[in-house]
Amino acid sequence: MDSSTKTLTEDKQVYRVEGFSCANCAGKFEKNVKELSGVHDAKVNFGASKIDVFGSATVEDLEKAGAFENLKVAPEKARRRVEPVVTEDKNVYRVEGFSCANCAGKFEKNVKQLAGVQDAKVNFGASKIDVYGNASVEELEKAGAFENLKVIPEKLANPSIQAVKEDTKAPKEEKIPFYKKHSTLLFATLLIAFGYLSHFVNGEDNLVTSMLFVSSIVIGGYSLFKVGFQNLIRFDFDMKTLMTVAVIGAAIIGEWAEASIVVILFAISEALERFSMDRARQSIRSLMDIAPKEALVRRNGQEIMIHVDDIAVGDIMIVKPGEKIAMDGIIINGVSAVNQAAITGESVPVAKTVDDEVFAGTLNEEGLLEVKITKYVEDTTISKIIHLVEEAQGERAPAQAFVDKFAKYYTPIIMVIAALVAVVPPLFFGGSWDTWVYQGLAVLVVGCPCALVITTPISIVSAIGNAAKKGVLIKGGVYLEELGAIKAIAFDKTGTLTKGVPVVTDFKVLNDQVEEKELFSIITALEYRSQHPLASAIMKKAEQDNITYSDVRVKDFTSITGRGIQGNIDGTTYYIGSPRLFKELNVSDFSLEFENKVKVLQNQGKTAMIIGTDQTILGVIAVADEVRETSKNVILKLHQLGIKQTIMLTGDNQGTAEAIGAHVGVSDIQSELLPQDKLDYIKKMKAEHGNVAMIGDGVNDAPALAASTVGIAMGGAGTDTAIETADIALMGDDLSKLPFAVRLSRKTLNIIKANITFAIGIKIIALLLVIPGWLTLWIAILSDMGATILVALNSLRLMRVKDK
């Protein structure tokens, strides 16, 4: 890591932002924060309503940067600092009040300009901000004052701030009644109603009528005008600039009623947009409430309720039947069934006993458990999932990058078109100034990019949140999009298509001079001393069948590399190994017929081992890695989804590989591969198919996972490695979640494309009404508002995609 990168990482602070009304506002906020003195960089996460600030900035500075929409900024809640690393100056804050991504961007920009802030990064999806450097909550809230953002500390690394905040719990978010939250909108709407009543009774030109409409415009549009005028002064054009100019123009030509309608409908549109984004974020907030905040802990012989922040590694937690588990740990006493649906998406409770791992947020259904704590609260699996999902929501997907770039040029172009519509017909074609200025104002309103800007953030946040609740951790919008474009999927065999746990499938005694139990006892005594992976299957079989082997004395035990093992028992040397070993021993009864029987077992995907002496064959035992019950159905569903190329990669021999591959139904089989061979094959597949996914355990096939377009790891709930290294993790070690993830990804892509097409299409239709002069401010604002509402509702459908 170079020095500049290290500095940014050290000074990152995260803030929550309240008040974003749209994605465009988040972007504007980010831009403002970046311009703050002392801020090196900032990144807004619109989906999470957060901003990461790299550098020094106060909450006041951040709220000032967000003043255009009265954003409220709050540092994220402080978390336990175990070992200060290069990220020790990164401060995380939750931000309440983000109304749009543009506002989040503006807030990020404002935070970056704060003195003492080296960089900042807003996570709009998680409503958080990372601030790198020193900044107080007041400074951050000042940077977000344009949208009255509230900033709440979540993770503060700066020692001076830490000392003050260490014992401070994150404040509870206040539930503001609807009528209070939207009091100005309701009052302005009431004034419009009275205005139209006066218009009906007293006429359009009556002073009372005009004053009622003017009052409605001023009250309902105060926050709009505050931002709009600031933008005009700075030549910063966004949707609020368009609306401000349109309302001013309508007022100038005397269209008070329509100007007030534009203000009110725009405010309603923003409120609905904010509501939609909050609904999308709720999927992650619900994860935060899964784990209890307190746990019953035994200390010094006493059982006491302790807040999870104060529980240490090594503490003993008592979990009663029907209670949720508060912390990750290992069971030291008790047996129960635990519902892990919150973490893994599994609907069926899992049997748990001593030495089994349990996770925070899961439900203990039956027995009393004593659990030894293995992780601090911020390091639990559910905490990591929440953190990674919030980070994922903050990553800009390719579709979002396109929309952001498009919107940057779109708004100024709309203003130019509106000006041309207002000026050209009267100047060159003898048109009426009043008529065409009115048409130009309508073009400004219809050109508002609300629907375009909001579609991708809501879609990505909804999809990632839904996936997380069903046990699929997707670590970014980019991976969500790429998964939908996958043309081929490579499967590592062991632990993915198979269970990864070998079992004894066949055992046949071929000599009448020895009993079955006696022979298996000899096999077990020899395999007990072996380091071969398949030995565990034999030991497990012996335990299940109550076969004792401790009284069998083995002498001169030797491992025969690549062939098997040997040992002397009561003066006789026994051998266990491959057919090749017994061929080399020239055992007399190793016939062609016997060899064919062994090949039959091998062709069934089993590893056959022979037991005997140098004189005779006593028996044959076969061990196999059991195929998952779901593997065949998963491959079938993937083929039905249009993914024709499903390839199994394995280091097994060709016979075993072909047997398993044929059983599960993959389209291609690659056997006898080393890890490097798997990597090379993935590169070859990418060259041939373009987008390729690789699914494995995330450990021994890490190079191949990294080389694939999308790396998918199994068993994320039990292994930190899988969560941290893969692009997507199947938390419940459940392969059946893969088709769901592909379907969700494709549906997300389709909805984003449909939304963008619809939003642009509705605007083109409305703009065409300019030609005959039919476009009114009513039609303009209703088309924009309607498009925004329909786009938001369509995106929220992703929260309801089921895991079939």
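Numbering starts at 1 and runs along the chain as it is shown here.
Placement of Cβ uses the backbone N, Cα and C atoms for every residue, glycine included.
Record features, source Swiss-Prot:
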DOMAIN    11-74  domain 'HMA 1'
BINDING   Cys22, Cys25  Cd(2+) 1 binding site
DOMAIN    89-152  domain 'HMA 2'
BINDING   Cys100, Cys103  Cd(2+) 2 binding site
TRANSMEM  183-203  transmembrane segment
TRANSMEM  207-227  transmembrane segment
TRANSMEM  248-268  transmembrane segment
TRANSMEM  413-433  transmembrane segment
TRANSMEM  441-461  transmembrane segment
ACT_SITE  Asp492  active site, 4-aspartylphosphate intermediate
TRANSMEM  749-771  transmembrane segment
TRANSMEM  776-798  transmembrane segment
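If you measure from the Cα atom of Cys25 (Cd(2+) 1 binding site) to that of Cys103 (Cd(2+) 2 binding site), you get 3 Å. Asp492 (active site, 4-aspartylphosphate intermediate) carries a strand DSSP state (E or B). Looking at Cys25, Cys103, the binding-site residues in this record, the fewest other C-beta atoms within 10 angstroms of the C-beta turn up around Cys25. Per DSSP, the secondary structure of the domain 'HMA 2' (89-152) breaks down as 19 helix, 31 strand, 14 coil. Looking at which of 183-203, 441-461, 776-798 has the most CB pairs under 8 Å to the transmembrane segment (413-433), the answer is the stretch 441-461. Its Cβ taken as reference, the residue listed as 'active site, 4-aspartylphosphate intermediate' is surrounded by 26 other Cβ atoms within 10 Å in the chains shown. The domain 'HMA 1' (11-74): residue composition by secondary structure is 22 helix, 30 strand, 12 coil, according to DSSP.
Beyond the ends of the transmembrane segment (776-798), by six or more residues, the same chain brings 246, 250, 255, 258-259, 261-262, 265-266, 268-269, 272-273, 276-277, 279-280, 438, 441-443, 445-446, 448, 450-451, 454-455, 458-459, 462-463, 466, 744, 747-748, 751-752, 754-755, 758-759, 762-763, 765-766, 769 to within a C-beta distance below 8 angstroms of the stretch. Straight-line distance linking the Cα atoms of Cys103 (Cd(2+) 2 binding site) and the residue listed as 'active site, 4-aspartylphosphate intermediate', rounded to a whole number, equals 45 Å.
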